[in-house]
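All remarks here apply to the structure that follows.
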Amino acid sequence: MDEDSPAPSLQNIIDQDSLRWIFVGGKGGVGKTTTSCSLAIQLAKNRESVLLISTDPAHNLSDAFGQKFGKDARPVNGIDNLHCMEIDPSGSIQEMIEQAQSAGGAGAGMTNMMQDIAFSIPGVDEAMSFAEVLKQVKSTSYSVIIFDTAPTGHTLRFLTFPTVLEKALGKISELSGRFGPMLGSLMGGQGGPSADDMFAKLNETRATISEVNTQFKNPDLTTFVCVCIPEFLSLYETERMVQDLTSFDIDTHNIVVNQLLYPKKGDDCELCSSRYKMQQKYLEQILDLYEDFHIVRLPQQTQEVRGVQALEKFSNLLVHPYQHIEN
């Protein structure tokens, strides 16, 4: 390795105390959740409080740690300053609608109209997932928040929500000037919240989203860790993801290459040898393409990485580069 090349570890993330938001993403099946859990464990050793959030509908955090997590943050057994939560996007919007409908009366008609408007917005379930995150984060004070994201395409949509929601809420606020009095007479007369209260809440949400949007584009506060395996499709997805992140002005300078094979000397396994050669070809391409990135190389594990102890052991590979010793 060139002496001028960035260190092949995620120690740079651990050392960057200013980081507030860390996204971990990649193609499905590359070890994204294992990496995000392991990074969270390492950060918990250096930060006062860490929150790990799953925005992947599959929700593998519970399986990884071997304990049940839900929409409210809960501490990881044995690591008191690390909390996890799993967000159900569809549940978030359904809960909002049910709460609004419970008011009944004439306001229910307005609720149905708002429901129709809400569901006509592309990606609204994921947007509500983002709103759920904001609500949770605003009521707490975690030092750093890590997102175990959905597979690649969903991840990038999630990162654009601050901009999308900011524009949408801006338009809704404009409508308040034109229809505010009418909504006030419809809603206020039913003993529910007034239109002014509703629009004030929308404006408050927009301000929060705008603030977070600015933070996402600040490399001192936000970074994205790409996880891949040394195969063509994964490399292709990673390149597309890096380009998209760059176009969104979101910092990314760390890539984790997972599931690397290291056949033993004298091993006559033809399949192992063939896969090793293929992996080395794509690993070289990754090293050439991203020479200014921190590229972490992780070996294929002989057993599933599940439970706190196994994750702690695996997490050391993120900060202490793996050294293969031939027998």
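Any Cβ shown, glycine's included, is placed from N, Cα and C.
Remember, predicted model here, so these are calculated numbers, not experimental data.
Within 10 Å of the C-beta of Asp56 (active site) there are 22 other C-beta atoms, taking all protein chains into account. The annotation active site is assigned in Swiss-Prot to Asp56.
Here Swiss-Prot flags Lys27, Gly28, Gly29, Val30, Gly31, Lys32, Thr33, Thr34, Glu231, Asn258 as ATP binding site. Long-range C-beta contacts of Glu231 (ATP binding site), restricted to its own chain and to partners at least six residues apart, with a cutoff below 8 Å, comprise Met278, Gln279, Tyr282.
A sphere of 10 angstroms centred on the C-beta of Cys272 (Zn(2+) binding site) encloses 15 other C-beta atoms. Feature annotation from Swiss-Prot assigns Zn(2+) binding site to Cys269, Cys272; the stated evidence is sequence analysis.
In the shown protein chains, 21 other C-beta atoms lie within 10 A of the C-beta of Lys27 (ATP binding site).
Close to Thr33 (ATP binding site) in the fold, though at least 6 residues off in sequence, lie Ser54, Asp56, Asn60, Leu61, Ala64, Asp148, each with a CB less than 8 Å from its CB.
If you measure from the Cα atom of Cys272 (Zn(2+) binding site) to that of Gly29 (ATP binding site), you get 20 Å. Look at Thr33 (ATP binding site): DSSP puts it in a helix.
In this structure, Gly29 is the one among the binding-site residues Gly29, Gly31 with the smallest number of other Cβ atoms inside 10 Å of its Cβ.
Around the Cβ of Cys269 (Zn(2+) binding site), the same chain contributes Pro263, each under 8 angstroms and 6 or more positions distant in sequence.
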